[in-house]
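Peer 1: Below are the structure tokens for one structure; questions will follow.
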Amino acid sequence: MSTATPAPPHTRPSRAVPAGTRTAPVRHALRAQLRPVASLSAWFWAVVVVGAVVGTLVLAVLDGRVDVSVVAVARHGGVWLLFALSIGLVTLHLPVHVAAGMTRRTFARSSVLTATVAGIGYGAVLTVLVLVERAVHTLLGWDTRLADALLPGPHGTVGALLAELVPVHLVASVTGLLVGSVYQRVGAWWGTLALPLTCLPLLLVVTLEDERLGPVALAEPLAAGHAAAAHVLGGVALAVATAGVHAAVVGGVAIRSRR
């Protein structure tokens, strides 16, 4: 008497995932890095808006009018927040990125893209807030003077504001990447000793904005348009050079396992 061989369980054929639907490593890393940056940035700008409104109201009550830009003070907070966020991005995301099987080159690309988006975004948001504040001041019969601005005057154009605000935020964001990657590469002691060099791009762009040390003081005959162009080109050049050094440093970072 022969026994029948049981039929194998019915299994559905597996479907291959089309190559076009797979998330590219850079895109995947970019999403993971942009998400916390966007969340913290939303809180920062919410605090800036509330602080600007409260500060303007207090000055209006005390003096009867407000002839300075309160919201423009946020540029300093934004610059150093971006710097710190980029350091944290390298410190927290690089080990996880490599442990997940992705390359350091992918991390270098995604981190530079994240820093670029954040830097340009901060400059653009602050430009919009300055323009809104200026419109409110005009409606109330007040003046608006950017007390610490180099390029735009009280009635500077949108382009002048962007030329003033975007480069410094962009360089701050990319400089933070370099500081973080150097710390990861050489350790805490040498990373700290290297700060005068790794922070140099940000210090340079901040110096260029100082009306006592910047291009206006060194070359007063320059027209405002030429100064704005020089400011933008200088900031972009610093950002590109800093990003290149960051990518080179990240390529040699050894990820140490923590036990």
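Glycine is treated like the rest: Cβ placed from N, Cα and C.
The compositional bias 'Pro residues' feature in TrEMBL is assigned to 1-11. If you look up TrEMBL, you'll see 1-21 marked as region 'Disordered'. Taken from TrEMBL, the feature transmembrane segment covers 37-59, 79-100, 112-132, 158-179, 186-208, 228-255.
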Peer 1: With Cβ distances under 8 Å as the criterion, find the stretch in 37-59, 112-132, 158-179, 228-255 that has the most pairs with the transmembrane segment (79-100).
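Peer 2: By the under-8 Å Cβ criterion, the transmembrane segment (79-100) pairs most with 158-179.
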Peer 1: Test of understanding: applying the rule of at least three C-beta pairs under 8 Å (pairs 6 or more apart in sequence), is the transmembrane segment (37-59) touching the transmembrane segment (228-255)?
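Peer 2: Stretch pair does not touch.
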Peer 1: Find the member of 37-59, 112-132, 186-208 that has more C-beta pairs under 8 Å to the transmembrane segment (158-179) than any other listed stretch.
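Peer 2: If we count Cβ pairs closer than 8 Å to the transmembrane segment (158-179), 112-132 scores highest.
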Peer 1: Given a Cβ distance threshold of under 8 angstroms, which distant residues of the chain, six or more beyond its ends, lie next to the transmembrane segment (37-59)?
Peer 2: 66, 68, 70-71, 74, 77-78, 81, 85, 89, 114, 118, 121-122, 125, 129, 133
